[in-house]
Amino acid sequence: MGLLTVTDVERDINLAERIFEQPGVLAAGIGGCLVLGALGVLLGRAFRWRPVFAGLAGFSLGGALTVTLARVSTSKRTGGLDACLHNDFSLSSSYARLNFVMLMPFAFFAVLAVRRFLPVALAAVVLGFGIEAVQVATGRGVCEMQDMLNNALGGVIAAVVAWALNVLVSRGLDQRPSEVDTRRVRA
């Protein structure tokens, strides 16, 4: 697997345009992002999380849910989760890359908000599998194992990056000299 080419990027942009050209998707996206973003801020304040990051996590989740559940699918596949296509992890198509990055902003900001890795990583995995289950149950998309894996892995990777950033920043703050120590050095 190599780097993305210009053609790959053009296909990805085309996919985004096709999704947001569907009636109601853009409006649902804006509404979902704003409502879940505001809910994130409120939950952040209530649970003493970092409210800005909690709001960004909610906003991101609104976007992810919109592109998967508000769009109309042309699939006629039914049969519940038994009808899921059993394919492997891949980033070769625009849909695969969309699924890979879809939960990344949510997981990244959620870890920064709650300062915990495991609950957010588990939420990303549950969301990845849950979104596919809801898609097949509502006829809003095709259930694919690849999508589940891409959603979950992308979310977990973003959670790891945010957790590492949290650890590095907190260690940096712990190693700063205190105000009292600084006065002694200057005097």
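Quick reminder: no glycine exception, Cβ is built from N, Cα and C everywhere.
Marked as transmembrane segment by TrEMBL: 24-44, 51-74, 94-113, 120-137, 149-169. The domain 'VanZ-like' feature in TrEMBL is assigned to 98-165.
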Whole-number mean of pLDDT values that fall within the domain 'VanZ-like' (98-165): 93
Tally of DSSP helical, extended and coil residues in the domain 'VanZ-like' (98-165): 58 helix, 1 strand, 9 coil
Non-local residues, at least 6 beyond the ends, that sit with Cβ under 8 Å of the transmembrane segment (94-113): 8, 11-12, 14-16, 40, 44, 49-51, 53-54, 56-57, 60-61, 63-64, 67-68, 120-121, 123-124, 127-128, 146-147, 150-159, 161-163, 165-166
Remote residues contacting the transmembrane segment (51-74) - C-beta distance under 8 A, at least 6 residues beyond either end: 19, 22, 24-25, 28-29, 31-41, 43-45, 98, 102-103, 105-107, 109-110, 112-114, 127, 131, 134-135, 138-142
